[in-house]
Every structure is written in C-alpha cells, then in structure tokens.
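According to TrEMBL, the feature domain 'NADH:quinone oxidoreductase/Mrp antiporter transmembrane' maps to 23-288. Per TrEMBL, the feature domain 'NADH dehydrogenase subunit 2 C-terminal' maps to 290-343. As annotated by TrEMBL, transmembrane segment applies to 56-76, 96-115, 152-170, 200-219, 239-261, 281-304, 324-343.
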Amino acid sequence: MTPIAKLISTLSILLGTTMTITSSHWAVAWAGLEINTLSIIPMISKSHHPRAVEAATKYFLVQAAASTLVLFSSMINAWHTGQWDITLLTHPPACLLLTAAIAIKLSLAPFHFWFPEVLQGSSLPTALLLSTVMKLPPTTLLLITSHSLSPTLLTTMSIMSIALGGWMGLNQTQTRKIMAFSSISHLGWMTSIITYNPKLTLLTFYIYALMTTSIFLTMNTANTLKLSTLMTAWTKTPMLNTTLMLTLLSLAGLPPLTGFLPKWLIIQELIKQEMTTTTTIISMMSLLGLFFYLRLAYCSTITLPPNPASKMKQWSTKNPTNTLISTLTSLSISLLPLSPMILTTT
C-alpha cells in the first residue's frame, strides 16, 4: 500500500469507530460500522496473495451480512416503537436479530467460523487491528443495548465461545490462528458478564487489547508466523522472547500477572449473581486455553531448535517499535498490584 492509501484507511477506521461509539442513532452507528468494514479491506488484501484476497472476500461478505442484520433490527424496532434511539431497543425480534448481528461481528460462537480464516490470510499488523480496534464498535453497541438483550442467550453464547476457543486452539500450529481462537475465548468472557456489570466488560476489553497488542507487535518484530519459527526466534531476540512468554501467560490469566485481574473479577461477579454453575463451566473451559498458551510459552523460550543457529546470537534488534513493545509488555505483566486503583477509576 502507498503511504497515502494507508493514511486514508487508518483515518477512515478512526472515523468509523468514533461514529459508532459516540452515536445515539441507529443510522449513524450503522454508517460507522460500514466505514470500518470498507476501510480494513484494502489492508487485508494489500499483499495480493490469493489467501489474502480470499480473506478479504470472506470478511466483506460476513460483515455485510452482519450490518444488514443491524439495519434490519433497527428498522423493525423503529417500525414498532417509532424510535431510532439505540438505548430504546425494546421489540423482542429486533433484540434477537441484533444479538445475532453483533455475535457475527464479534465472532462469538456459533458465528465464529470466519475469524480464524481471515486472520490467517492477513499480515500480523492487520490481524492486530482485526482483533482489537475492529472489535470495539460492536462491543460498544452490545454494551449500550445489553439491558434489552436476553441474559440466557448471551450466557449460552459466552460458554460456547470459551469452550470452542480453547478446544479449537489445541491443534493449531499457526500463531495467527491461535490468537484468533484466543480472541473468541476472551470475547466469551466479556459477554458472560455484560448484562450484570458492563463496566467490567470494558475493563476486560481494555486489558485484552493491551496484551494482544503486545503479543502481535512482538511476533511482528521477530517475524514468527508458525510455532516452528517461534522456536528459533530466541537466538535473535532472547529478551523479547522472554517477555513474550510472560505476556502469553498473562493472556492465559495466571496470577500474579495482569490477565488474572479481569478473570478474577468476572468470576467474583458471576458468583454474586448466583451463577455458580456458569462460573464452574467457564473456569474449567479456560483450562483448555491455558494449555495452548503454555505450549506457545514453551516454544518461545524453553524448546531448543533441532539445528541451533551457528552464527553469533543477536542480542539486540534495531526495530523502532521496541520502546512501544517494552512499555506494553510491562503493562501486560505488572498491572495486578494496581488493581485497587484500576477498580476505583472504573
């Protein structure tokens, strides 16, 4: 992509995201979602590889279907209530359609099939955008309308997403697909609590975005697309791979790392709501995800490659994003002691 095309796409993504998260009218929110979709497609297909073109086509078709459902849902609600305000979604069929539409956009189970394939066909920076920035507008819509949606349906979809994200990630060898299933699992955690504590959902999303950004930038610096290349990356950047291991364990939710905070608070809130069965199920299902995070961490630092590099180890790298990566990684690892302050600000 030329610099001017990249600038236009980036500004359009910012515009679309801002329109959706700040609007109170369904038409403006829908327009923001459409701008987002059309802005990211050139980034997905910029390599002109058949896999990238296929990913861009799948992404366009899925997002177009989801946007159509959003528009259809808002029109049905306006037809029955005379209101276009997002917060006044009350008609049951409209609520059901909107739940399906946002589940498709967030790649929640059982509407998750497109996400791993699209991420696999994208570059690592584009995959980072798809996993974080592009999830913010649908999450905001879900947050605003959560009081109108069915808690039972959302809880069922969240349990399915957590189970499927952990189960499907076990056999993967491509790092982008592993991160895709990780995203599906984390969005399941966010959805499980959104009806009862929306602020906790936002906190979980922010911490997830922080850790995912750190991991994708680290992988992009080391150029690791597969587990086999992750095994040999330590010879180039040993410290970077060590921090990658800690960030992966944080994403898995192991204490005393940052990723433990949202899972701990979600479990605590669900128990307060007397949802002990749901809490037990999602806690057990998260162990599946822990396995492939541990495998990634094992490959990044503990496994020696079959043929170690004979050249001298490169103890430093001249990539300009190192300062950013070190800052994000530090936050991804060490925020748990600050949890009382974080909770008071939210």
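Glycine too: its Cβ is placed from the backbone N, Cα and C atoms.
Keep in mind that TrEMBL annotations are predicted by a computer and have not been checked by a curator.
Pairs of Cβ atoms less than 8 Å apart link the transmembrane segment (152-170) most often to 281-304, out of 96-115, 200-219, 239-261, 281-304, 324-343.
The listed stretches are 56-76, 96-115, 200-219, 239-261, 281-304; of these, 239-261 has the most Cβ pairs under 8 Å to the transmembrane segment (324-343). The average per-residue pLDDT of the prediction over the domain 'NADH dehydrogenase subunit 2 C-terminal' (290-343) is 71, rounded to a whole number. Under 8 Å from some Cβ of the transmembrane segment (239-261) lie the Cβ atoms of residues 182, 186, 207-208, 210-212, 214-215, 218-219, 221-222, 233, 286, 289-290, 293-294, 296-297, 300-301, 315, 317, 325-326, 329, 331-337, 339, 342, all in the same chain and six or more residues away from its ends. Residues 26-27, 29-30, 33-34, 37, 40-41, 44-45, 84, 89, 91, 93-95, 97-98, 100-102, 104-105, 114, 117-118, 121, 130, 141 of the same chain lie 6+ residues outside the transmembrane segment (56-76) yet bring a C-beta within less than 8 angstroms of a C-beta in it.
Tertiary proximity for the transmembrane segment (96-115) is limited to same-chain residues at least six positions away from its ends with a CB under 8 Å from its CB atoms, namely 33, 58-59, 62-63, 65-67, 69-70, 72-74, 76, 89, 130, 135, 137-139, 141-142, 145, 149-150, 153-154, 157-158, 160-161, 163-165, 180, 183-184, 187-188, 191. Long-range neighbours of the transmembrane segment (281-304) within the same chain, counting only residues 6 or more positions beyond its ends whose Cβ lies under 8 Å from a Cβ of the stretch, are 158-159, 162-163, 165-167, 169-170, 172, 175, 178, 181-182, 185, 188-189, 192, 227, 230-231, 233-234, 241-242, 244-245, 248-249, 251-254, 263, 267, 270.
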